[in-house]
Amino acid sequence: MNAYEGDTLNNHGKSSTRQHWRKRSAVSSSLEFSSYEESNSPIENTEVLKVSEIEAKKRRRKKHRYIYLAVCLFFLASVLSCAIIFRFYLHTNRENFSLFKNDSYKQKEPITVSHFGESIFLPYHQDIEWITSTEGTVLYYDQSTFSLSLFYPDGKEYGSNVDSLITSFVLTCKNLHRKRYSSDMEYIAFSCSKDRRWRHSYYEDVYLVERATGRIEHLASDQSKKIVVAEWSPIGHKLVYGLGSNLFIWESFSEPPVCITDQSDLDGLFNGNSDWVYEEEILQSSKAVWWSPDGNCLSYLSIDDSKVPVHVLPFEQLDSKVEDQNRVNNFFHYSTPKDPIPFVKLFVNCFTDSGESIEVDSSFPLSTQHRYITDVAWAGNEKLMFVEVLRGNYERVTSLFDLSSRKTTIENTEVSEHPLALTSSLHLKYLSFESLGNLKERYVRQYFLSNKKRIAIYELDNPVPIYLTPVNISFLSDLYLINNTLYFTAISSGSPFSRVYRLCTKSLILSEINIQIGSGLFGIKVSNDQNYLLVNYLGPEIPKQFIYSIHEDKVSTSNDHSKNNLPSDSSSTSLGKVKLELCNSLETNEELIITKEKFAFPSVFFKVIKVKNITAYIQEIRPPNFNPRKRYPTVFHLYGAPQSALVTGKYEMDINELMASVYNFLVIKVDIVDISDVSGQHLFSDSHELIIKSWIELLRSYVDTPYIDRHRVGIWGWSFGGYLTLKILENADFIKTGAVVAPVTDWRYYDAYYSENLLGAYSKQTTAIYDKTAVHYSENFRKLCGLLVLHGTSDDNVHIENTMQLTKAMVEKGVYNYYPFIVPNANHEFSDPTDYTFLREKLSGHFHHALYC
């Protein structure tokens, strides 16, 4: 019986010893064969042999199974590993594959560093001014061109073109600053910039052109003297201008100018124009003259800096033969917190009277040496309103001067134990209208409450303000008052973008003017008849300019407060509706739109975040083909000064955009808009440490964003932003590198008005505060992959002493990764094209290297 036949079957008819594979052929040895023959029990020997062979085969099969299983597992593991590696490579390099590429960037040209020096990414902008003809026609003109043309709102030219009258003059005025028509349109004043005075002003050559004849004459009889201020009267063509220390009134070519101050030209005496601190911090303009509405009177400030120390810039003209129009005065009067401040007086001169200037009495007769005059506004033609602030900003008084009685009365007094909210101009505006047969006099100004700028209205006999804007709207800029109607731009809570509003101060109807352009930053100018609105769309998309006609929907409201007392709060304000109709697409920047389609621009993303008690606006400038699954080296850009905004939505192609588009960085602008534990009235004196900690906590939290490479984080700032950057680097340990431009390092080196508004008047009681808020050495500086500091020797705002003191401290501590870079002749803005190009490339290049050190 063969092996198969000898198998036993179980009850199911299946062999209990049957194998599931075929047997191998076996060749027996002679020894095995002889043993088999000699066996007394052949069947028994055969069975033993079978069992032995089966066990051996089982062991071999088991061993083979392990080998096969190991090979299979190894193969599967290899395939899986390759798949994972390929998937990761595909994920991190998806922008290199056409399948995953963003179509909007597919054929676009990459941006290089050199492109930023060619101005091809900059928009065009027209400097439009409204004017009304003698017959009442609303017109406009561009202040930045030589053309004498005037235009209707729809863009059609008004009258005949007379540009040929000034063909030769164009060669005389090589650098036009601006042109201004007289209110009767008979004369044009051309201001030709010659030498820069300070940040906001130039010494100018002013030429007058008679529009009817083309006659051109230089305004100053002594052309060696430069003019700082030249302002037309609101009626007719009187022109006030400042020459040396005196003010003059020009009225016609046939009559000589009249001097209304008649003082000797003295260094440090400013009549009708600002000294340094008034220009930079208070009026934010070189102009310190105000015409009455009828043009018959003029008010002006007289500023005496004779007791204010002279600051000398470490200026070194490398080539005296080269004329530098961006050069500032190399010496000027400048008060720090330890110094006397300017002595200021307010005068009124009415040409219909004796012609003598009348000094306006101060509301602080015993403290005139320690006061600033921050606002001046005419209340009709017979009264003058003005605001005075005591040094340190602990007391602010609004007063009214009556020309007929020559008396000053106090209308409102604000007093605080701490400095009041930091402000320059309050945008003081006078209101008057008939109510129940009586003349109701009021005034409007901005008011700071809970870290927001609100618009408030006051009655002259009531010091309690009424807020005209809701608490969720913070006044921004462009405040126009026309016939008791206010036009302004503001931002609402939860968005960094501006909106345009109109507010009737008589009926208290607040209207949002809906502009069908998109969200972003807006600037406005309103025509004198309120029928036309110039809208400047400033970003984030390509800037544009439009002129609209204004139409109002009639709104039924019982909220007419002209016959009653004012409401207790703006909650009573009604909402009106305003329609706009497009008249003229003034500037669309089509060339820039085409350029943007050609090049791979960075993208911009805005959001609002909250970290514990901190609310902040964020603007991310993302590199082309931004991939949220990747991690990007990141640079934070900060400013952080009180009542300022960095995140505005303005279109820019500058340092941040260079780093994003050329070096593939993520650049993030940050504004903290609210810290619930910090008083909105004051920034530093009580809570400076908490504020710095809040900035650090916010940044530390944000670097955990998935697409930020937390090991490659940098930070930079300019001016106040430079100070904030240094304080963060002093106290934070998670930032790899930093860069600052013109930083404040100690508020005792900065101007008294700003510093004392932050920290209080300098005294024995406040010395500790000034010490604490200064920048101090920290071991965190030593751990950085480089700290770059850029400062110009001709910086009239933040003096180079700030950087010198910081450098001294770093040298004493042996901090070798500190890189100060002093730029000869550069001013605070690095406004010279060569200086700014160097700054842009040096700063961006620093981060390009330092974030990978």
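Using N, Cα and C of the backbone, Cβ positions are placed for all residues, glycine too.
Summarising the annotation, Swiss-Prot assigns active site, charge relay system to Ser719 (among others). Taking the Cβ of Ser719 (active site, charge relay system) as centre and 10 Å as the limit, one finds 20 other Cβ atoms among all the protein chains shown.
Residues or ranges marked as active site, charge relay system in Swiss-Prot (evidence: similarity to another entry): Asp795 (among others). Close to Asp795 (active site, charge relay system) in the fold, though at least 6 residues off in sequence, lie Leu313, Ala742, Ala826, Asn827, His828, each with a CB less than 8 Å from its CB.
There are 21 other CB atoms within 10 A of the CB of His828 (active site, charge relay system), with all protein chains counted. Sequence annotations record features per position, and here Swiss-Prot assigns active site, charge relay system to His828 (among others).
Taken from Swiss-Prot, the feature N-linked glycosylation site applies to Asn96 (among others).
Summarising the annotation, Swiss-Prot assigns N-linked glycosylation site to Asn102 (among others) and lists sequence analysis as the type of evidence.
The feature N-linked glycosylation site is assigned by Swiss-Prot to Asn472 (among others). DSSP assigns Asn472 (N-linked glycosylation site) to coil in the three-state reduction, placing it in neither a helix nor a strand.
Asn483 (N-linked glycosylation site) counts 12 other C-beta atoms within 10 Å of its own C-beta, drawing on all protein chains shown. Among the features that Swiss-Prot reports, N-linked glycosylation site is placed at Asn483 (among others), with the record citing sequence analysis.
Look at Swiss-Prot and you will find Asn613 (among others) tagged as N-linked glycosylation site, backed by sequence analysis.
Marked as region 'Disordered' by Swiss-Prot: 1-26.
Annotated topological domain 'Cytoplasmic' per Swiss-Prot: 1-65, in sequence order.
Looking just at the topological domain 'Lumenal' (87-853), the mean pLDDT is 86. For 87-853, the entry in Swiss-Prot reads topological domain 'Lumenal'.
For 66-86, the entry in Swiss-Prot reads transmembrane segment.
Cα distances from Ser719 (active site, charge relay system) to the glycosylation sites Asn472, Asn483, Asn613 are smallest for Asn613.
Of the recorded residues, Asn472 (N-linked glycosylation site) and Asn483 (N-linked glycosylation site) place their C-alpha atoms 26 Å from one another. Between Asn613 (N-linked glycosylation site) and Asn483 (N-linked glycosylation site), the C-alpha separation comes to 43 Å.
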